[in-house]
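Asker: Okay, handing you the structure first.
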Amino acid sequence: MTPEEVLEEFRSAGALLQGHFILSSGLRSPTFLQKMTIFSDPARTERLCRALAEVITARFGRIDIVVSPAIGGIIPGYETARHLGAKAIFVERDPGGPFTLRRGFSIPAGSRAVIVEDIVTTGLSARECLASLKDEAGEVVGAACLIDRSGGRGEIGLPLVSLVTLDIPAYSPDALPPELAAIPPVKPGSRALPKP
């Protein structure tokens, strides 16, 4: 699947939005990728995650376990794991706490794991996911996402592959360009805004 085909999946689903958005990180952006619109369509999700599994295999080889951060990463993680023939597990957090691996999930010795995210903006969720796996016996070999909107600047601590890398601007609320500041902001994501 080419980058343009991936973006067309988002466009045709109405999931590539323009306006003034407050991202989960608290940063502001003129573009928002509403991935849950994508994940509400099983056929579209299957196409994208099959393509992501191919990219993962090409870069990292054999994968035994896909680990995703809850909630946004669970659907693409599961569907990508299905195409990899791997197990799908996830990390979750108590409100305000760190991610933890629960529910009897583990990464046993000798296994190779990859973190699968939906969209990477700063890499925070993937970094927090990786930190929660530090005591696992298996090896976390890399990370993957459908769209890397950081322009390749997301800091994860692992090699990152994606179907598309975009350089979508994100601004601090106190450094907005005038054209963005003129539009009332909306908060479409799921994570609570950071406390000032």
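Cβ from N, Cα, C; glycine included.
Sequence annotations record features per position, and here Swiss-Prot assigns 5-phospho-alpha-D-ribose 1-diphosphate binding site to Glu117, Asp118, Ile119, Val120, Thr121, Thr122, Gly123, Leu124, Ser125 based on sequence analysis. The orotate binding site feature in Swiss-Prot is assigned to Thr121, Arg149.
How buried are the listed features, and what sits near them?
Answerer: In the structure as shown, the Cβ atom of Gly123 (5-phospho-alpha-D-ribose 1-diphosphate binding site) sits within 10 Å of 22 other Cβ atoms.
Classification of Arg149 (orotate binding site) by DSSP places it in coil, neither helical nor stranded.
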Asker: Relative to the Cα of Arg149 (orotate binding site), which of the binding-site residues Glu117, Ile119, Ser125 have a Cα no more than 10 Å away?
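Answerer: Near Arg149 (orotate binding site), where near means Cα within 10 Å, the binding-site residues are Ile119.
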Asker: Which Cβ among the binding-site residues (Thr121, Ser125) has the fewest C-beta neighbours inside 10 Å?
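Answerer: Lowest Cβ count within 10 Å among the binding-site residues (Thr121, Ser125) is Thr121.
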Asker: Taking 10 A as the limit, how many CB atoms besides its own sit near the CB of Arg149 (orotate binding site)?
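Answerer: There are 24 such Cβ atoms around Arg149 (orotate binding site).
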Asker: By a simple count, how many Cβ atoms lie within 10 Å of the Cβ of Ile119 (5-phospho-alpha-D-ribose 1-diphosphate binding site), its own Cβ left out?
Answerer: 27
Asker: With H, G and I counted as helix, E and B as strand and the rest as coil, say where DSSP puts Ser125 (5-phospho-alpha-D-ribose 1-diphosphate binding site).
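Answerer: SS state of Ser125 (5-phospho-alpha-D-ribose 1-diphosphate binding site) = helix.
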